Amino acid sequence: ADYSQDEKALLGACDCSQIVKPSGVHLKLVLRFQDFGKAMFKPMRQRREEETPEDFFYFVDFQRHNAEIAAFHLDRILDFRRVPPTVGRLINVTKDILEVTKNEVLQSVFFVSPASNVCFFAKCPYMCKTEYAVCGNPHLLEGSLSAFLPSLNLAPRLSIPNPWIRSYSFDGKEEWEVNPLYCNTVREIYPYSNSNRLLNIVDMAIFDFLIGNMDRHHYEMFTKFGDDGFLLHLDNARGFGRHSHDEISILAPLSQCCIIKRTTLLRLQLLAEPEYLLSDVMRESLLQDPLAPVLTEPHLLALDRRLQLILAAVGKCIDTFGEATVVANDTAQPQSPAEHRAKVGT
C-alpha cells in the first residue's frame, strides 16, 4: 500500500503533472497485489443515504466510493466503456494497509480513535487533519478499487482542460456560463473544429449529468489514437451526491452545441423504454457488486428523471435545427478487409 501519485506530487516526491492534478483532502491509496497488479483505493467518506449539503460548492464536495462503483456500471450500460473497471471491497486497514506499507509517512498517519477504531488520514501541505480521517469498524472499511491504467511508458496520455470547465472560485463565472453561443467559439478551435472530439465531449456531459458530477475540469486521452481517440471518464467520486437536484448546467455542451451521436441517442432512447428502464438495468447490474446495494433507491430513480431531461434537450435541438444537423451518424460500419478484397476482385 502506498500514497497515490497526486498525493506524492503534493509532498514534492515526484513530478506527476502528466497524470492527475493534486487534490487537497481526498485520501486515495494505491494497493499493489501479489500478482503485481495495482488498483486505486478510495475509502468510504459518506454514507449512501446521506446527501451532499446544498450549500456545498462542488469543489469542496466529498469523494464517494460508491459513486466510483456506480459510475463504472453506468458507463458500461451506456456502452461508452471509458471508466476503468471498478469494484467495491471491504478492506482490513490494519492488515491490508498499515502492516504491509513500506511508506513511513503513511504509517505515521494511522491512529486509534476514542471509539477504538483504526483510522488514518491524508498527509499533505494543507487541509489534511485528523478531522478528515477515515476509520475502520474497528478494522474493516468499505472502499472502491479501480483498475490502474497501463503505465505512461506503455500508454502515454494527455490531460486536457475541459472547454466547459467551471469556475473554481466562490463568485466567478466562465464564458460558457454567460454566453449561450459559446459553442460557436469552441467549434473554431482545434481539435474541436475537425474531429469527433466535440461529440465525445457531449457523451461525457451526458454521463456527468446522469451521475450529477460537476467536477470535470479536465479529461484524459491516450495519445496513441490521435485526435479521434476516446475520452477517459476518470475520477467520478463526486457523482451521486444529490438525488433531489438535477444540475442542468452540466448538459451545456449538448444544449449549446446541439449535436449528439446517433448511437448515444439510440441507447438513451432504449433505456427510456419501460422494459429497459435505466434504473432497473442499473439496479440489476449493481447487485453484482460485493458492496450491494451500491446506490439508494432515490438515486436510481433520479437516473430515469435525468434521462428524460436529456431526451427533452435533444428534442428541443431537433425542433430548432432539424435531425440531420443534430444527430451525427456514427453507425456506419467500416468495410472489413474481406469485403474490400471481394470488391477489388470484381
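Every residue gets a Cβ built from N, Cα and C, even glycine.
Here TrEMBL flags Lys42, Ser146, Ala147, Phe148, Leu149, Glu220, Asp235 as ATP binding site. According to TrEMBL, the domain 'FAM20 C-terminal' annotation covers 110-326. Taken from TrEMBL, the feature active site covers Asp215. Residues or ranges marked as Mn(2+) binding site in TrEMBL: Asp235.
Across the domain 'FAM20 C-terminal' (110-326), the model assigns an average pLDDT of 91. Taking CA atoms as the reference points, Ser146 (ATP binding site) and the residue listed as 'active site' are 19 Å apart.
Rounded to a whole value, the Cα-Cα separation of Phe148 (ATP binding site) and the residue listed as 'active site' is 21 Å. Taking Lys42, Ala147, Leu149 as the binding-site residues under consideration, the smallest Cα distance to Asp215 (active site) is found for Lys42. Those residues noted as binding ATP (Lys42, Ser146, Ala147, Phe148, Leu149, Glu220, Asp235) have their most widely separated CA atoms at a distance of 20 Å. Within 10 Å of the C-beta of Leu149 (ATP binding site) we count 17 further C-beta atoms, all protein chains included. Using a 10 Å Cβ-Cβ cutoff, Glu220 (ATP binding site) registers 18 neighbours.
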